[in-house]
Amino acid sequence: MSVKVAVRVRPYNARELELNCQLCVAMNGPTTILLDIEDPKKNRDFAFDYSFWSHDSFENDENGYSRAIPGTKYADQQMVFDTVGQEILNNAWQGYHCCLFAYGQTGAGKSYSMVGYGANKGIVPISCEEIFKRIKKNPDSHLTYEVQVSMLEIYNEKVQDLLVPVPKRPTGGLKVREHKVYGVYVEGLTKYPVDSYEAIEAKMDEGSKHRTVAATQMNASSSRAHTIIQIEFKEIKNVDGRKSEKLSVINLVDLAGSEKVGKTGAQGDRLKEAGNINKSLSVLGQVIAALADKAMGKGKNAVVPYRDSQLTRILQNALGGNSKTLMICAVSPATDNYEETLSTLRYADQAKKIKNCAVVNESDVDKKLREQQEEIHSLKQQLMMLQQQLKGGVINPEMLKQLSQIQDDIETNETIMQENQESFESKLQKQKQKDEEEDDEDIQNEGIKEHPHLVNLNEDPLLNRKILKSLNQEETHVGRPNGNPTPQIVVNAMCVQPNHAVIRNKDGVIEISPFTKECGDFIFVNGSPITGPTLLNHNDRIIFGTTTTFLVQIPGAEQVEQGPEIDWELAQQEMQKKEEEKRQEQQKLAEKQVHEEMQRKKQELEEQRKEEQRLYEEQMKKQQEDFDRKMKALEEQNKDMLNRALMAEEERKLIEERKKLEEETLQKQLQREKARKQYEDEETMKKYRIKEKNFIENKLQKYLPKVLEVNLIAKELKRNVTLEARLKYVYADDQEYSQFTEENAQKGQIQIQVNNKEEGQIYYWDLHKFSNRYYIIKDLLERYFESNQLLSLPKDQDPFWDPPEARVIGSGFLKLQALAYLMDNPCDLTLVGEHFQCGTLKVNLIPTDETGQRNLSEDIEDGIEPPVEDPSELVGRRFDFRVSIESARLPENLCKDTYVEYSIQVEEKKKELYKTKTLAGAHPNPIYNYDQQHTFDQLTETQLNYLINGTICFKVYGYDENKSKDMKKREIPVENLIPQQQTQQSNQQQIQQQQLDQPTQQVDQVKKQEEHIDILTKTINQSKNLQQQQQLSQQPNKLPSQSTQVKQPIEKFAPNQPTTQPISKQSFKEFEDHTSEQQQMKAKLQQQQMNAQKPRSSSQDRTPAMMSKGKTDPKKGTKKDDGCNIF
């Protein structure tokens, strides 16, 4: 019998609606279709036993139950149970072991299908209720039924009994053992006899409460735990004093979020399987794959790795043995979760291939009891023999191990036999007495509800509002178990101090205060951190640390507060919203300050203009008066021609002076207008940068809390390691030049920079690797909380350590077009890395004959070979060329163990990678002397097109020798990526440092205007490049020569600064008028700058070196890179 598989798709959640996600799942009968929004031809069909459409077409009745709108295909809870749950119960009634898995990513709806919420009960409660309905309907007096329930959790590869309070649990968890008759079982797992659905419901509620307490005290996440509810169902038949029984064990399994398998299993991470968080799911996938291969006739002798995880060990029978198994896979309908949905469907498609051999578990009770007694007797005989051998002096490790195993087996068998001999009625009576004794806690909880108290909020709705904490005493302390005084509310979470907060109740007025000033940063009331005593009202939300959330409840004030239902997600969103409001307020303040500063400067300009206008009018008036006085004097003194000539000369001088004054005034007006325009542009740019900063913060918002949490964990574990988020631009390196655009030539990626000051090293993790390490590091913290001892790990198991890895120092691109005309292209490529220009690389592409010795380009120059007029002449011929890599100039801190890589396209969509030898040691000027011949046996049209339009990317790799003391941010400043308080401190430190570094007022003025001028200059160069490109495109095609270079706009290759987006083409005209003036101003300011650091040149001021036209060295014939080679 094959494992049956069902798939269920849920409605959109609030996040997916906010993102305006599209639907990527469709269903047609039992077939589930994964839709490719961009290309419908790539839709994927998956055939299962059942496909449940629960995405839309439903309505809620007055009780909140979601039922299908008539005539639609919506599958409600009852329909899912009738299809899946009834089948499980029918199998159990026949005596088969049964198992129901719920699989899918966190938030996909697993718990909703299994347990349900509110009026929408899931498969588990409906099945339990149905069991007792069937028992009551039993008409046969010879049949009796026994039902026992257990509830366990597998978290971090530890098995815990959820029906046992947290303080009474064994530290290392329960052991999983195997019995010859009963198979695999959990030793010490309690089985509670129940006689009604209400009793099962009470036990499940108790288990959920214990899960909540553990999650709060141990900083555990419920979404990373597997929960198994075991219902042991016996049908006992007594005929003529002879007993027989049918046994069925029903395993209802709610697995942890499956996205941990895909998202945290980062490729290339040496600790991919080091953590226990996703080990169970990874092994489960391996077991399913192995069983599926066996069912298909593959790998019949392969060993199925059941023993590699606790989950697969416990469910060994359900996966590949004596069980009828069904898996229900929950998927998200949104395109945002496309990859996770695809992974889940593939998982389910593989699981349906598994075949089990289920049999009815029917046995004679008396015979079974006799067999147990005989086995115990046999084991005791073996034990006596071994003990006699030990007394005789025969001792070896194998014998001691065998002795211990026999003793364990005897103890286990005696326990099982004792349980089987005890009547179900006796077990039930003892359990009821125990429950009555424990009812005092429930009565106490009811008493707490009559007074002010806190109730927990959990991300898992099943664990919501399970813990009550009284606030009726004068002082209630919050903190860790080792606090002094001992806290009444224990919160063993990140950022929570041993003594964290004090809640005081003075005559019904409740207020909370941080124990120390620092603690207030991690106590949030209604989303805002507190700085001192803060009044608490009914339904206020309190967050301790980062996630532990409580709700204030004050009896008698319920009617005052009305609004949406308060849950964990609302409290978290509220905190994030307050942070966003604070950030926006600071942004507005910054923009206001910039605007006021610009207005002040404009006002100063206007006052200066008025003053100059007044002085101009006074001067003109004075000149006119002087002229009139001189003219009148001349008229009175002389009437002859000479005097008239003098008068004409005086008049000419006056006109020239007026003209000069008008020109000076006009020039000043133009300068003022340009200055005003410059201030406006500067204001626009500053506002843009503020918005850009906020854009980056929003983009990183998902990862920064985790980065902060890991930093706090490192501090907690006494590790001298810090993490920083940074934005890195990745350059497109293997696309053809014709395919390059601004969008795909550069792509921003978030990286996590790890500053390991213990080793003096810097590592860079991508987000997949960081996510994997995040959960492994949290695992370390939980182990520390459990043992209260710092762990000493070898380096290969340390998630904070990585071996040194070669990184890309810089990349350079060179067009292959010269080869299509049998011309070489010697060039000093400018290498551009994460921090822009970072060196040069001397390379050459040389067309050769078959031997690789003759340079065909030189033969063409010497007239030995004719030039290639049309590259298509080469099609069908053998084509040889050499790639020569001579030497490089590299930064001194990035020149250790360097080598160069490049790839050549040999066929369409197939490339071969080549690399030079690694130069051991640090070499700022490495000499590679690499020469590699490449051959196309018969040049095809595709290969010719590659030569004409393609590019070759040279990547220089090396090792970073930066030590921890020299670790500096080179991209996004850390103030852009950390909380605002730290940002302000960092900004102040930077301002102070800048003031110290500026010796004169002139240099200070240079620093203020330099950035704006750089932007103008780059923009002007971009405009010129675009104009040159347009002019070239309008000219008729000409045969390229060795001295001709086709210039391309640099923005197609070179990235902009990481925190600044490209200036739009609409801005070109606005800046064009400033070209001459800004170039002169920049030159002047650079001369004034003297010893101040020169501004870093932008890669946007360069154009790519294709068939470069540059200065040629007559001796070597090598073209120098005069700014034409971008990489």
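Numbering starts at 1 and runs along the chain as displayed.
From the backbone N, Cα and C atoms, a Cβ is placed for every residue, glycine too.
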- Which is it, of 54-81, 362-389, 446-473, 474-501, that TrEMBL names as coiled coil? 362-389
- Message: Are there residues at least six beyond either end of the compositional bias 'Basic and acidic residues' (424-435) with Cβ under 8 Å to its Cβ atoms? List them, or say none.
- Response: 144, 146, 148, 192-195, 202
- Message: I'm checking region-level scores; what's the whole-number mean pLDDT for the coiled coil (362-389)?
- Response: 73
- Note on the structure: Ranked by how many other Cβ atoms lie within 10 Å of their Cβ, the binding-site residues Gly104, Gly107, Gly109 are led by Gly104
- What count of other C-beta atoms do you get within 10 angstroms of the C-beta of Thr106 (ATP binding site), across all chains shown? 18
- Note on the structure: Across every protein chain in view, the count of C-beta atoms other than its own within 10 A of the C-beta of Lys110 (ATP binding site) is 27
- Under 8 Å by Cβ from Ser111 (ATP binding site), counting only residues of that chain that are 6 or more apart: Ala102, Gly122, Asp254, Asp460, Pro461, Leu462
- Item | Additional residues surrounding ATP, by Cβ distance to the Gly104, Gln105, Thr106, Gly107, Ala108, Gly109, Lys110, Ser111 centre under 8 Å | Arg10, Tyr112, Gly257, Ala330, Ser332
- Message: Taking only same-chain residues 6+ apart in sequence, whose CB is under 8 Å from that of Ala108 (ATP binding site), what do you get?
- Response: Arg10, Ala330, Val331, Ser332, Asn337, Glu340, Thr344
- Message: Please list the DSSP helix, strand and coil residue counts for the compositional bias 'Basic and acidic residues' (424-435).
- Response: 12 helix, 0 strand, 0 coil
